[in-house]
Amino acid sequence: MQTYQNFIGIDVSKAHLDVALIQNAKRVSHTQIKNNIEAISAYLEELKGQIDLSETLFGLESTGHYINFLVTTLVSFDCSIWVENALQIKKSMGATREKNDEIDSERIGLYAFRFQDQVRLYSPVNENITVLKTLQTLRKKHVVHRQELETYAKETKAFSKKAINEVIDQHTQTLLEYLTLQIENIEKQMLEIIQNDKELKEIYQLTTSVTGVGKVTAVHLIVMTEGFTKFDTAKQLACYAGVVPFERSSGSFKGKARVSNRANKTLKTALHMCALSASRAKGELNDYFIRKVAEGKNKMSVINAIRNKIIQRVFACVKNKIPYDKNGLKFNNFSKG
């Protein structure tokens, strides 16, 4: 594992970046630069004259598209980059009182220094994955907008006169049809991108070979795992999706194991629909559901177990590059259970 002499914490906002240089667990300098490629490039050129970039670890929080210019420029300078979950960094700090961008950049740099043995270096994402992420976000916004409009129209019409209902239909029906068409077009475009990318096409085919997994969930999994490169194990992915129950007990108190609310709710919802479908369709998961419910298990607990099984199977199929075999094929990290 590479050892680093310099650690740079970067707090990212829309307009600017706060940059803290850490050496020997102490802040050496703080700089604020604009969040654009020109300013970032100029800063790195200046930094090259002060320290060895090959011995430097750049740490930053994952803040969505605000980090795009920074990451792109750091990659072009062949820098070591660690993009960490903001909550993970916050939890590592303990109790804190002060907070501003300058202090945050220092804390990010110190986090990179203290936990460098646990570093997960950033690697550039497949460009098609980036496009799929954008399309997925647009699709979600259209779905939410359509749902809000449908709910408003339905609830208002239930308590209104005919004249009011006609006005509502006049101004919502065309928009609802348009949103539905846009959602369908986005889904079609996403599938076309996947079909034209050899690697993503293979992952998609392997994912949809698992009982219960449809095209929408398959695309969700591809995007949110960045082509199944973001997680090392199926359990990590299951935790991310919020389907792994965790024990919470202390002393004589023995609490029930429960799933965490810290999860990707979009993926969890998609997996829930998969589990419902699999539990109703003829097959082993339907048999499993019936058997466990007959044993007295809570139905939602059984559905959650099916969600977990689906993740285990998908992960095993993708990593082993073998389609799922419902007749009993087993993998190194998967058994039918």
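The backbone N, Cα and C atoms fix where each Cβ goes, and this holds for glycine too.
Just so you know, TrEMBL annotations are computer predictions that nobody has curated.
The coiled coil annotation in TrEMBL covers 135-203.
Under the heading domain 'Transposase IS110-like N-terminal', TrEMBL lists 8-149.
The annotation domain 'Transposase IS116/IS110/IS902 C-terminal' is assigned in TrEMBL to 206-288.
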Within the domain 'Transposase IS110-like N-terminal' (8-149), residues counted as helix, strand or coil by DSSP: 75 helix, 33 strand, 34 coil
Averaged pLDDT, computed only over the residues in the coiled coil (135-203): 95
Helix-strand-coil residue split for the domain 'Transposase IS116/IS110/IS902 C-terminal' (206-288), DSSP-based: 42 helix, 8 strand, 33 coil
